[in-house]
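Single-structure report; data block below.
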Amino acid sequence: MPLLSSSKLSMESRKEDSEGTAPAPPQKKLSCQCHHHCPEDSVNSTCSTDGYCFTIIEEDDSGGHLVTKGCLGLEGSDFQCRDTPIPHQRRSIECCTGQDYCNKHLHPTLPPLKNRDFAEGNIHHKALLISVTVCSILLVLIIIFCYFRYKRQEARPRYSIGLEQDETYIPPGESLKDLIEQSQSSGSGSGLPLLVQRTIAKQIQMVKQIGKGRYGEVWMGKWRGEKVAVKVFFTTEEASWFRETEIYQTVLMRHENILGFIAADIKGTGSWTQLYLITDYHENGSLYDYLKSTTLDTKGMLKLAYSSVSGLCHLHTGIFSTQGKPAIAHRDLKSKNILVKKNGTCCIADLGLAVKFISDTNEVDIPPNTRVGTKRYMPPEVLDESLNRNHFQSYIMADMYSFGLILWEIARRCVSGGIVEEYQLPYHDLVPSDPSYEDMREIVCIKRLRPSFPNRWSSDECLRQMGKLMMECWAHNPASRLTALRVKKTLAKMSESQDIKL
């Protein structure tokens with residue numbers, strides 16, 4: 001076995017030990033006691049050597065003490081008898097040459113345990129110190145990075161969609177119409193790419209507020225000189241924002257009688273958040289606003305009615321193909337949620353409550369939204385809570401009831417015989433300006449009343465047919481109501497009979 005330790009010398013050689021040297025080698029053969037280190041030809045645990053006798057004690061892996069005795073040859077023994085500490089190993093050796101069997105009386109002792117513990121503890125202490133130092137430096141660097149990033153954000157304008165120099169993804173000269181046509185021709189059919197939407201949102205300049213409702217505010221803005229409408233949702237209306245964005249980006253959703261979707265984005269920091277929905281801008285405003293200030297001739301009435309039901313028909317119709325469109329019900333149809341274009345046609349807006357029909361699973365995808373529709377336009381099955389929420393056709397028929405009321409609003413503003421009524425909301429003469437569920441339930445469900453027709457309608461064929469049409473839309477029994485497609489075809493025939501091109 002290798003012996004790489006030094007000696008504690010016997011009495012005969014203590015002087016040499018104090019000087020750091022091994023005892024002088026014997027002049028003749030020396031007999032030594034051997035134990036655990038006996039040569040094969042040894043007799044009675046005895047060995048002979050021309051060098052030294054030794055005794056060594058060492059600690060094994062289990063913590064026990066192992067004593068070994070034997071002979072060291074002259075060559076190299078001087079080095080082996082020197083006590084050189086070995087890291088992580090406790091051992092000690094003593095050598096002697098004074099007389100035969102002198103190692104019988106050698107009793108080396110192990111070095112104190114505290115020396116090793118101190119060394120190991122010192123190493124652990126250094127490792128801990130280094131680790132703490134490195135972690136502290138990293139933490140300081142992270143804090144500095146976060147601080148400068150925060151200051152950089154704070155230095156930006158607080159106006160959430162101020163003009164920024166971020167036109168990387170939209171080449172100069174591209175109009176909104178160009179971008180939308182490109183997205184449609186690309187085959188995705190689900191609107192502009194998200195990166196383009198975010199870029200547009202950043203570049204919009206807010207001009208003036210044009211409306212405010214329970215969901216938030218509507219602003220007129222500009223993007224590269226083009227007017228756009230920016231719907232800014234309250235943070236409490238995030239579900240409506242998400243749902244409306246999702247519906248607008250449904251494949252094959254774009255239609256001339258559905259409000260044109262441009263972009264959606266979320267702006268803000270940890271302390272404030274704003275939700276934007278950017279759409280086409282229509283300066284005539286809602287159908288409600290338009291009817292309050294504008295009277296109609298027969299052509300104008302039919303254009304408003306036909307274009308509105310065309311948008312509703314597109315919503316209600318599912319398209320089955322590799323990139324199909326699900327059938328969608330609006331659930332909050334009213335004159336304030338229909339916009340009037342410059343050309344006198346309508347487009348349907350505000351899809352925050354819309355539901356989709358998943359044809360693959362035959363399920364209704366209802367938004368997780370606490371908001372409900374407008375009580376004045378609610379059908380009887382919603383007011384008396386008899387609507388089957390798991391049957392998609394129930395929502396379609398509920399939309400048709402609401403659309404019947406919208407037809408009534410439009411028809412009242414059509415001039416016939418030089419007579420026209422002031423604009424009024426449905427049931428204006430039967431319920432308060434802000435009716436409760438109970439008010440509407442009593443009128444619509446219990447008394448089964450509907451808006452009344454002016455006497456002049458009976459003397460005008462077109463208005464008479466309109467009256468018949470709306471009655472078939474707001475029938476008490478949902479199954480008896482006309483579909484949007486049926487209403488669309490009827491209005492088309494009425495236009496032909498009046499020689500009116502829509």
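Quick reminder: no glycine exception, Cβ is built from N, Cα and C everywhere.
The ATP site recorded in Swiss-Prot includes Ile210, Gly211, Lys212, Gly213, Arg214, Tyr215, Gly216, Glu217, Val218, and the single candidate from Lys151, Lys231, Lys267 that the record places there is Lys231.
Per Swiss-Prot, the annotated N-linked glycosylation site among residues Asn44, Asn284 corresponds to Asn44. Looking at the stretches 1-27, 82-108, the one that Swiss-Prot records under the feature region 'Disordered' is 1-27.
In the disulfide annotation of Swiss-Prot, Cys71 is paired with Cys47 out of the candidates Cys38, Cys47.
Record source Swiss-Prot places Cys53 in a disulfide bond whose other cysteine, from Cys32, Cys81, Cys135, is Cys32.
Note on Val218 (ATP binding site): other Cβ atoms within 10 Å of its Cβ, all shown chains, come to 21. Across the residues annotated as binding ATP (Ile210, Gly211, Lys212, Gly213, Arg214, Tyr215, Gly216, Glu217, Val218, Lys231), the two Cα atoms farthest apart lie 14 Å from each other.
On the backbone, the CA of Gly216 (ATP binding site) and the CA of Asn44 (N-linked glycosylation site) stand 105 Å apart. Arg214 (ATP binding site) and Asn44 (N-linked glycosylation site) are 108 Å apart (CA-CA, integer value).
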